[in-house]
Structure formats: structure tokens, C-alpha cells
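**Q** Look at TrEMBL and you will find 1-32 tagged as signal peptide. According to TrEMBL, the domain 'Plant heme peroxidase family profile' annotation covers 33-329. Residues or ranges marked as disulfide bond in TrEMBL: Cys43-Cys123, Cys76-Cys81, Cys129-Cys325, Cys209-Cys234. According to TrEMBL, the feature active site, proton acceptor maps to His74. TrEMBL lists Pro172 with the feature substrate binding site.
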Amino acid sequence: MALSPIRSSTFSSSSAIVTLAVLLLLTRTSSATLSKNFYSKTCPNVFNTVKSVVKSAVAKEPRIGASIVRLFFHDCFVQGCDGSILLDDTPTFQGEKTAAANNNSVRGYELIDDIKSKVEKICPGVVSCADILDIASRDSVVLLGGPFWNVRLGRRDSRSANFTAANTGVIPPPTSNLTNLITRFQDQGLSARDMVALSGAHTFGKARCTSFRDRIYNQTNIDRTFALARQRRCPRTNGTGDNNLANLDFRTPNHFDNNYFKNLFIKRGLLNFDQVLFNGGSTDSLVRTYSQNNKAFDFDFVKAMIRMGDIKPLTGSQGEIRKNCRRVN
């Protein structure tokens, strides 16, 4: 009889554990259906096909690699990683391309079109545009010197887009402060650590003058020599030189490494978004770690990319597999 309470307690604990496990499973059902082997039987050559196209494009223009990673990021932050950003406007449909965060800024659509066309030739109606964007992002990082990881696939493409969300701050603007950055990433289920690691994608690519004009003329937490050099290509007056470009990482702009974080140490972050990561705030220690340990940055970047790719994917019978990434079937 003395054992009865113990049995009862054990049963209750076990039940609680099982219940918790079920709840956790249910909360991750959508992402749990993604798999690195999703196309192993239906389209085994998809990886080689995507890589071939990306490799050729990056060889011609290294910046396109950074653009594809940014395209993936902007897609995932608006109603999940569903390829919605790829949809063109029509007379009866408003996509996300003309939203403030994307208009005249996000690029790489033509490369995704090219990849999709070649994938369709070998596996028609099988591989989603959303998955192609994920694979192309990974390949862009690897081809420019960054880490490799197995991407989780099985997403389907949305039949809708969300211009309003894309246009109202869901995607953090380059002027974001640290609190805004942390909040925006947390809204997507990503931690502050994920946010800093993903920001490291600014180790390659370029930004337009409109994105950093205020910083180089009006902010004080910036190296003066660095600011003056950027002012030569970015006039103070709005509307003048708005589309002139500057490297996000002035040291190795076409290579994926941890120099981006080293730049923040000497107040040479190009965007306000960048420098606030190392400006006496809660993320200073992470920036210090990544600047001193490239392997630590690579490790956390990979984890964060996988976690970002798990944001609200459409799976199973949801959505569709678009034949053309720019329009619904």
C-alpha cells in the first residue's frame, strides 16, 4: 500500500511528459515534415541542378549570392517560407515586390526563374519555388566561402502574398535599433542569437545610399574616415545618388567570413542595423565571440538559417507546386 502513492506520482509524471511531448510535436508539425531527403526519389538531381546555375551566376557577379540569401530572408519573414515574395503583381493581385522593404531593393528573381526552368525540365511539377530559394541560398553561401549544411525541404508554394505585412515593418529596416531587431526576430520564433548570426550575412553584398545616408552624415558611433569615404559616393541630398552602392563589408565584400563582426569593433558597420549590434547593448558579447571565432559564427549561422527556413512552411496538400515562380498555377 505504501507504494501506491509512488505509482500514482510516477504515472502522473509520465503522463505529463507524454502530454508535453505531444504538445511539442504538434507545435512543430509543419517543420517536422521537412526533410533533407524529401526529393531523394522524386528529383534526385535537384541539388546538382540548382548548384550549377548558382555557381555560374556567382562567378559572373558575386553580389548575386548575397542577394539570394536576402531574398530568402525577406520571403520567410512575411507569412513564412512559401515563395510568396516571388509572385508578380497582376491587375487583380498585389504581390510583395513593391512593398517598401522590397521595392527597388530586393533582387535575384531572374536567377530563381532560371533555376526553376532547369529544374522543371528534369522534374516537372515536383520541386517548389520555396525550396529552390532555400537551396540556392545555401549554395550561395558555400560558393562564396561559407559553411555547408543540409537544407530541410518539402515546402509548397503559396497561392497568396501579403503586401501589407511586407510594407509595415515585419521585415526590419536598415535603420532598426537593437530593440526593434530583437523584437522582429522574436516575432518569427528566432532568438537574439539567431538574429546576430543571421545579420552576419552582411559579410557579403552591397547596400544602396538611401539605406546608409543618415548614418554616414548624422551618426556619431561611426569611424570618421570610413564615413567620409562613403560620402564620396553617397551625397547628402535625398534624391541624389540614391542607388549608388557600397559594400556591406569593406574588407572582404565577396567572401563569407567573420570580418563583418570585426568591422563593428572599429565602428565601421555600414547600416545602423549593423552597428547597433555592437554599441554597448546586450548583443556586444556575441559580436565579440563571432569576431574572434569564425567557427562559432558558422555554427550559429547554420542553425539560424535552418530555424528561419522552418518558419510556417506550407506542406502536404497546402499551397501548390508552381510551374512558374512568378504566378500561381
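Residue numbers in this text run from 1 along the chain shown.
For all residues, glycine too, the Cβ spot is worked out from N, Cα and C.
Unlike curated records, TrEMBL annotations are generated automatically.
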**Q** Considering Cα atoms only, can you say which of Cys43, His74, Cys123, Pro172 is the nearest neighbour of Cys234 (disulfide bond) among these recorded positions?
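**A** Result: the closest of the recorded positions to Cys234 (disulfide bond) is Pro172.
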**Q** Report, in whole Å, the straight Cα-to-Cα distance of His74 (active site, proton acceptor) from Pro172 (substrate binding site).
**A** 9
**Q** In the predicted model, what is the mean pLDDT computed over the domain 'Plant heme peroxidase family profile' (33-329)?
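**A** Here the predicted model's pLDDT, averaged over the domain 'Plant heme peroxidase family profile' (33-329), is 97.
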**Q** When you put His74 (active site, proton acceptor) at the centre and draw a 10 Å sphere around its Cα, which of the disulfide-bonded residues Cys43, Cys81, Cys123, Cys129, Cys209, Cys325 have their Cα inside it?
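**A** The disulfide-bonded residues passing the 10 Å Cα test are Cys81.
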**Q** State the Cα to Cα distance, in Å, between Cys81 (disulfide bond) and Cys43 (disulfide bond), rounded to an integer.
**A** 20
**Q** Which residue, of the disulfide-bonded residues Cys76, Cys234, has its CB surrounded by the fewest other CB atoms within 10 A?
**A** Cys234
**Q** For the disulfide-bonded residues listed here, Cys43, Cys123, Cys129, Cys325, which shows the highest count of neighbouring CB atoms within 10 A?
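**A** Comparing the disulfide-bonded residues Cys43, Cys123, Cys129, Cys325, the most crowded Cβ belongs to Cys129.
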**Q** List the Cα distance (Å, whole number) between Cys76 (disulfide bond) and Cys129 (disulfide bond).
**A** 13
